[in-house]
Amino acid sequence: MVERDQIRPLAPASDRPHSSDDNETTLNVKKRFHQRRCFKYCACVSTFLFLLAIIIIILIFTVFKIKDPIITMNGVTVEKLDLVNTSGTLLPIPKPGSNMTIKADVSVKNPNYSSFRYSNTTTTISYRDTVVGEARGPPGKSKARKTMRMNVTIDIITDKIVSHPGLQDDISSGLLTMNSFTSVGGRVKLLNMIKKYVVVKMNCSIAVNITSQSIQDQKCTKKVKL
């Protein structure tokens, strides 16, 4: 009788069954933690991409801004000019049937951080609006922030100059004034994304001293066409 009345010990707490409410609470806590962590990651990635986009835009409009190439006529020299004396003029005139050779030193400066590729260059010489000579240069490439120099040799047909009625006025002044036109077309490509096609044109007025066969005066104007 005494043994039956003895008090039995309580079952351990770990053996107690968990309620469904406890399991649901644990899952909710884990879910909120996971969502919070994903939100932080997404915020960090979005901030990084936003800052990267701002940096790229700033670089494009400042350091990597595409600038127009610069073409310069460094000098012009007369390589060949045959003259003859005539009874009707005080000074000699270009010999009919001969050619006059002019060599032009032209440079193309590329101020960009990417190379400038250009196609064939064209240079024409005109006398009083009449084309008397033309030369073409090969295509090439001006490296980033470099200057490409090229010598252009132009053969001028003097018969077109001698037959012009305005030649007597130039002979009297001792200067033979001609105009040169140079055109260089090409492309600047930046970061394989941004392309800019440009055509650089240059007009020059050249005064040749007939007696010394040298360039006495030279004036140039430049124009860029996009």
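Each residue, glycine too, has its Cβ placed from N, Cα and C.
Keep in mind that TrEMBL annotations are predicted by a computer and have not been checked by a curator.
Taken from TrEMBL as is:
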{"type": "REGION", "residues": "1-25", "note": "region 'Disordered'"}
{"type": "TRANSMEM", "residues": "41-64", "note": "transmembrane segment"}
{"type": "DOMAIN", "residues": "106-205", "note": "domain 'Late embryogenesis abundant protein LEA-2 subgroup'"}
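As a summary of secondary structure, the domain 'Late embryogenesis abundant protein LEA-2 subgroup' (106-205) carries 12 helix, 64 strand, 24 coil according to DSSP. Within the model, the domain 'Late embryogenesis abundant protein LEA-2 subgroup' (106-205) carries an average pLDDT of 87.
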